[in-house]
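For reference, the structure discussed in these notes is given below.
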Amino acid sequence: MKRSLIIAGVATLLLSGCGADPEGGSGSATIDYWLWDAAQQPQYQQCADAFHKANPQYTVKITQYGWDDYWNTLTTAFVSGTAPDVFTSHLSRYPDLASQGQLLPITDLVTRDKVDLSAYQDGLADLWVTRDGQRYGLPKDFDTVAVIYNTDKLKEAGIKPEEMSELTWNPQDGGTYEKVIARLTVDRNGKRGDEPGFDKNHVATYGLGLNTSGAGFGQTEWSMYTMSNGWQYADRNPWPSRFNYADPKFKETIKWLTSLIDKGYVPSMDIISSGVGQIDTYGAGKYAMVTEGSWNTKTYWALKGVKSALAPTPIGPTGKRASLFNGLADNISAGTDNPDAAWAWVKFLASPACQQDIVAKQAVIFPAIKSATVEAEKAFADTGIDVKPFTMHVKDGTTHLAPISDHWADITTIMTETMDSIFSFKSDINALDPANDKINALFQ
Amino acid sequence: MTSDTVRATPRLTAGAVPDKSPPRRRRLGDLPIAIVFVLPAAVGFAVFYVWPALRGVYLSLTKYNVLTPPRFIGLENYRQLFGDHLFWNALKVTAEYVVLNIGTQTVISVLLAVLLHRLTRSMVVRGIVLLPYLVANVVVALVWFWMLDFQIGVVNQVIEWLGFDRVAFFGADLGIGTIAMINTWRHMGYTALLIFAGLLMIPPSVYEAAAIDGASEWRTFWRVTLPLLRPIMALVMVLSVIGSFQVFDTVAVTTGGGPINATRVIYFYIYDLAFNRFNFGYAAALSSVLFVLLAGIAYLQLRLSRAGESDLKGS
């Protein structure tokens, strides 16, 4: 009897122990910082060390969660009051968090400390200002889109690397871009996509890979085509009131892209949904080229057995290339114990001391600070990667800011269903009309 | 789950051992200590099941995004649910999954269990049968996902060598079937062991009698094994059907509900609504509906299979 009481007592203690998580807090100057990209953790650890050296009273503790867990963990952390002081944030997520009062506006701090917003690539800083004029982040990096191709497959197809930088595209016949894609496609009998007798049902290597249908964003799937065709996501950006997914320019572009699936140059939805992903499939030599975001560059070059090079996205009917221009920033939790420390760290992350002197040299991403781009290009070149196809968009002014909008999660749901269906040929291209109406109804 | 099996076993012996009811006084004397033993589990049940369930029902009547306080909106979520084609699609996809998964899993498991019972009692074989179940769900799903990859998977490579066309295992047509088969593969050993435990409850004497009467192994299975297995089968079916309805992780790490909602099972839809779209109130409404649905199915199953009775009684 006595023993069982003791056991029960211990059990009760254990149960109650769960809730008694000691929350440090009082005057402690440790800054909790979260990020999702493991590849970027080393460079931000270096920044954290440099920050600690300059401000010995502050220590930064970095925690990394994979993208798939990141936002759920963060949401639960907000609810339970254990959110990090500072965390890497994404344009598609921060408007929701800001509107729910979870983020600390830094508008006044930026003015007070005279942070030079013109030091960042044009437009990036504005992405972090919400509709009510409050600023929530300072840009830390930027990304653009380019073509990554397998150099051996290019050689086998008899295409010269120089040709790759002058490709043009149009929604009618696909231009020289489609010719290259067709040429790079090989069926299992060795016939190329532009040769008679090509068997589109048994393709060994697709000329162009595909990741997803792109939902409403299509960042690396179709945005470089739609925007070089003169299309814009919405009536204005950021904070649009009407979206343009039913626009004829958008429809003809998507129609062209899906026609490549029909011709056997691009894998079908069934194939890609039965696949582990674009990167591994490219690594296995099943794709001759892919359209990719700059943040994945290092991952492609780390693939064993394939040699890659970069080419710019094709020139469209507007006579220009196009790339989405996206970037990350760090947000401060509204509930931080130590707003001063958090702001100091955010400011440091956004400064040349972190971005130019440390991050740029790691050749993983492009820092947001203008002067650091050259540095980053050089660092990439040192590892044998010519990243000009990514950075030329910035130089040539062919970047388009990523859409920032309310209801983005709902838009994504509607567009995933619609685009998946169009890409699978289960719906006509005009399925975009009701979808777009549904999206615009969200804003009424 | 195991405790249920253990609990099911003494039913047979209860008839054999003469039922001497212990003195009343002793029973009362056991009560305090019984409470002490039951309390931790009861507290856990109340805190982690009853309270969240009640709160879930309340939240289903609100608009709630976790970060701001819930706002009461009555039955609005339920009204919305009836017009939500994704909800109905999720129910349909889940039903397809359950039928395919439970169908194959039950047949294979009964076969496996009978083989374990009638052919070999080897511990090693029993261990091997259970092996897939010991691997985490997510790992099983990912390994199969890689093996079944259309372009770089080993299975499709073999299919092509054999001269057939590659198969899009996770495409719109086959996706939910593939996911059902993966989980059948993982769970059949475990289910077989549950049924095997049920087989052990059948007294050898009935088999001897069947053999003396000249019944074939096939006839013995249909006339002796299966009828006597009914109570344990009922339990296994209830547990596995409920478990099957809750399929989530296999979908989450492979298709993510796609393509075009072809594999968007109900739990994945609830998760998507709650954690991706912060629509916790609506997700709670869906969960409540699912709860009622599952309770109804479990009740029906138990009623139809007369799970509380055994044909061995009175023998």
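Residue positions begin at 1 at the first shown residue.
Placement of Cβ uses the backbone N, Cα and C atoms for every residue, glycine included.
What TrEMBL records for this protein:
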| type | residues | note |
| --- | --- | --- |
| DOMAIN | B:91-301 | domain 'ABC transmembrane type-1' |
| REGION | B:1-23 | region 'Disordered' |
| TRANSMEM | B:31-51 | transmembrane segment |
| TRANSMEM | B:97-116 | transmembrane segment |
| TRANSMEM | B:128-147 | transmembrane segment |
| TRANSMEM | B:188-207 | transmembrane segment |
| TRANSMEM | B:228-248 | transmembrane segment |
| TRANSMEM | B:280-300 | transmembrane segment |
Handout entry: Winner by Cβ pairs under 8 Å against the transmembrane segment (B:188-207), considering only B:31-51, B:97-116, B:128-147, B:228-248, B:280-300
Key = B:97-116
Completion exercise
For the transmembrane segment (B:97-116), the distant same-chain contacts (Cβ-Cβ under 8 Å, at least six residues beyond its ends) come to 125-126, 129, 176-177, 179-181, 183-184, 187-189, 191-196, 198-199, 221, 225-226, 229, 233, 236-237, 240-241, 244-245, 247, 265
Problem - Contact yes or no, the transmembrane segment (B:228-248) and the transmembrane segment (B:280-300), 3+ Cβ pairs under 8 Å, gap 6+ - result: yes
